[in-house]
Amino acid sequence: MGVNSNRVEHVACLETTVTISSAEVGVMPPPMQIHKVCLPPKLTTLQKLKHRLIEIFFPDDPLYRCKNQTWFMKLIICLQFFFPIFQWGSEYNVTLLKSDVIAGLTIASLAIPQGISYAKLANLPPIVGLYSSFVPPLIYSILGSSRHLAVGPVSIASLVMGSMLSEAVSPTEDQILYLRLAFTATFFAGLFQASLGLLRLGFIIDFLSKATLVGFMAGAAVIVSLQQLKGLLGIVHFTSKMQIIPVVSSVISTKDEWSWQTIVMGFGFLFFLLTARHISNRNPKLFWVSAAAPLTSVILSTLIVFLLKSKVHGIPIIGHLPKGLNPPSLNMLYLSGPHLAVAIKTGIVTGILSLTEGIAVGRTFAALKNYQVDGNKEMMAIGVMNIAGTCSSCYVTTGSFSRSAVSYNAGAQTAVSNIVMASAVLVTLLFLMPLFYYTPNVILAAIIITAVIGLIDYQAALKLWKVDKLDFMACFCSFVGVLFISVPLGLAIAVAVSVFKILLHVTRPNTLILGNIRGTQIYQNLNRYREASRIPSFLILAVESPIYFANSTYLQERILRWVREEEEWVKENNGSALKCVILDMTAVTAIDTSGIDTVCEIKKMLEKRSLKLVLANPVGSVTEKLDQSEITESFGPHGIYLSVGEAVAHISSLWRAQP
């Protein structure tokens, strides 16, 4: 085969007979054999499209268990896939039931007061929070793939819904319209979530990076906590705005409305709740302390107000809550009118946030128990339960971190814990609602503050600053945007910063100059490894990204700058004249037509300077496109190599063989 054996071949690739000794190169250990650069197997356009679509939408091969099965087994496997309850239900036993009952009752003790509190946070009637803790958990237990996810209302989604809808409709002046918009937003949130799962488009929510969520949740937690000063201080006339400056101004300007009875009770129970939370955080075995604290606070505060009702008149109470099951609400959907756009926008934003939180929480606890949570199944489960909730007077629900942590620590084994929790809520709805009549609003404010304080993760923010300044910038922008502008705009700013970061990496990829670690065939960054050294007459560059239209111009300019700087270095150090530029394409995972044109242009510009351009280790798809564009012919038999080491060895031997 001779020295031409490194050309791009369509046939099977075997080792060549070209051998370069170490004496010829000076840096390569013997023996050095030059290999062919092969094209990937030929596929039709339809086969390529099919393969690409499978990789995009079905990377996990969800129906692999159906292979080589009878039609009946395929039916069973499909049922188990779409309804996970059929998968673990066949192995369910009394031991698992005992654990799930204990966990479910423990979650219910937290879910009932939180449900009432979060509904108030969303400016909805408190009973809607309990409705939302009954139907959605039942739906999720059938469709969900997480064993520990405890479903119900959550603070972030409640806050966003309350703030976005309040800008369009007053929850006090037009309660019916506001309630209709809340149900409609929930419907669109569920529809959006289920569509993402059905179409397997879950990668869309990845634009909400962890850095973005850390800042967003911290900012939201601060805003929520300040908003609860209305309840803690007993203020009657309070701003409906969700920015920090109007909220603080409203607190200061309404000093005359502060009620000392409310303040004493509110801060007393807030201290009790925070202490219980601290005890559970210090000792996870005492998880039940923080789990039982909210319900205990509700019971004690209700008793205090009931016993002192004749003496204490300055503490607002919840009042009458209707008994009975969730009333149907499908007829309340707002599907036409001037506020429909607001409902759709609110639904999509709350849908994305609740989806992100629910999947993240589910995966967190699945990792602790060494099982997998299917993201697309979770999207469908959360979406369907929100659509079902729309028909039964529920608003947006998802997996709550606080309740899921309680579920995990209480020993939950399956989604039956959600069924037990829903059963406890059902009993409450049917028989116990009159007991909440004297529950003070201040205790709900204390419960909300205790819950959202845990969303301020300053350690994560410090880690972002230490590891990645751009991630910290996204976090900071999200935090400041939520505090000073608005909740949805703060989130939009953070997403924009994250997208800018992606564009920055795409349009300004990293390029490196490589050197050889003596005595090996390893080539590494000269600036990173002191033992790496330049190869005389060679400039070895590495590109660490695909070459697209978005970065092709930049890469051309940067590579030519590397060449200029290398020539200057050679002159300053009296080195060997530069003859060859090797482009290591190991990390170039893809290339488009603009990228191919750029490679051609660089080659022509280097040839005008009497320099040779060589490509090393292009991946299969890149090699195929280069071959289809006929650029490989212009590189000739000594222009594309399997590795940098082989390129250096072979080209050096050719130079030595010349007169």
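Glycine too: its Cβ is placed from the backbone N, Cα and C atoms.
According to TrEMBL, the feature domain 'STAS' maps to 528-651. The transmembrane segment annotation in TrEMBL covers 71-89, 126-143, 149-165, 177-196, 202-224, 258-274, 286-308, 419-437, 443-460, 472-500.
Here the domain 'STAS' (528-651) has, by DSSP, the following mix of helix, strand and coil residues: 60 helix, 22 strand, 42 coil.
When Cβ distances are compared across the two stretches, the transmembrane segment (443-460) makes no contact with the transmembrane segment (71-89), since fewer than 3 pairs at least 6 residues apart fall below 8 angstroms.
Nonlocal intrachain contacts for the transmembrane segment (149-165), taken as residues 6+ away from its ends with a CB within less than 8 angstroms of a stretch CB, comprise 107, 111, 114-115, 118-119, 121-124, 129, 132-133, 136-137, 140, 171, 178, 181-182, 185, 216-217, 220-221, 223-224, 242, 342-343, 345-346, 349-350, 353-354, 357-358, 361-362, 365, 385, 395-400, 403-404, 406-407, 412, 415, 417-418, 421, 448, 451-452, 455, 486-488, 491. In the predicted model, residues of the domain 'STAS' (528-651) average a pLDDT of 91. If one looks beyond the transmembrane segment (126-143) by at least 6 residues along the same chain, the residues whose Cβ comes under 8 Å of a Cβ in the stretch are 82-85, 111-112, 114-120, 149-153, 179, 182, 318, 321-322, 325-326, 377, 380-382, 384-386, 388-389, 392-395, 397, 415-416, 418-419, 421-422, 425-426, 428-429, 433, 436, 444.
For the transmembrane segment (419-437), the list of distant contacts is 100-101, 103-105, 107-108, 111-112, 115-116, 126-127, 130-131, 133-135, 137-138, 141, 150, 152, 298, 302, 317-326: same-chain residues at least six beyond its ends, Cβ to Cβ under 8 Å.
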